[in-house]
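Participant: Would you mind keeping the following structure in view while I ask a few things?
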């Protein structure tokens, strides 16, 4: 198989915890780093022709990969990271770092992207989740995207076709994968943009446990409430299972403090959901995605 995909960076049985923000995750059968669209389509069409499962991880930020890892091809877009500016429009490849993309907007005195200046992850992942913070979200500036269909074809999707909602986009169900996207910004003042980004980054550092590995915001915001507040009222701040605990700094975050596992994360999430519902009557809904397989007995014996 590797011979047919010669020239493409493919790593066999690669531990995914080396690449995830949570620092958990078992091995990928084949971890693939395409350098361009041609390599990407080669991999996807090969996988489809040979009935090999494939998945795109983006930058693996708002995500938990189970300890058993992922079968088939796991495609990471780190090398698809070009960002260009044309007038008031920014075009970014899906693997571009979201924070770095907001810095490009600032450099060109373009406003509208400030809300995302501290959101970790990739541009593609941000579109997938309609990422947002501090009153802004991707849907507000999204123009269009080139996407790869599950069949391996490339098409363009408009903002209307994306059907954005709160932490939702149409591609969560369709299986289409963002390759690149265009964002419509407005001319602004460099100093004002810089000041706003500095303010938002200060708030993030003040309120969020950025010094620890985490999957970001674990739960969606319940209507009329804040997940972190509900978790705090349930007296779960600092609650720990294995190496993962509810952050003392922000109860909406779960941090990997001591060689935690995906199993620790899953058990802690389930405990928080159950306890908060018992305490408040409100059932929290996960924002973080959980993918992959549970660790098998053979894998445990080898580890």
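Backbone N, Cα and C define each Cβ position, glycine as well.
According to Swiss-Prot:
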{"type": "DOMAIN", "residues": "23-188", "note": "domain 'FAD-binding PCMH-type'"}
{"type": "ACT_SITE", "residues": "167", "note": "active site"}
{"type": "ACT_SITE", "residues": "217", "note": "active site, proton donor"}
{"type": "ACT_SITE", "residues": "287", "note": "active site"}
Participant: Would you mind giving the whole-number mean pLDDT across the domain 'FAD-binding PCMH-type' (23-188)?
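Facilitator: Looking only at the domain 'FAD-binding PCMH-type' (23-188), pLDDT averages out to 95.
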Participant: Give the three-state DSSP assignment (helix, strand or coil) for residue 287 (active site).
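Facilitator: Where residue 287 (active site) sits, the three-state DSSP reduction gives coil.
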Participant: Under a criterion of Cβ-Cβ distance under 8 Å and sequence separation of at least 6, what residues of the same chain contact residue 287 (active site)?
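Facilitator: Spatial neighbours, sequence-distant, of residue 287 (active site): 62, 129, 167, 216, 217, 218, 219, 220.
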Participant: Just to be sure I understand the packing, how many Cβ atoms besides its own are within 10 Å of the Cβ of residue 217 (active site, proton donor)?
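Facilitator: Result for residue 217 (active site, proton donor): 22 other Cβ atoms within 10 Å.
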Participant: Let me know the DSSP-derived helix, strand or coil state of residue 167 (active site), please.
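Facilitator: DSSP assigns residue 167 (active site) to coil.
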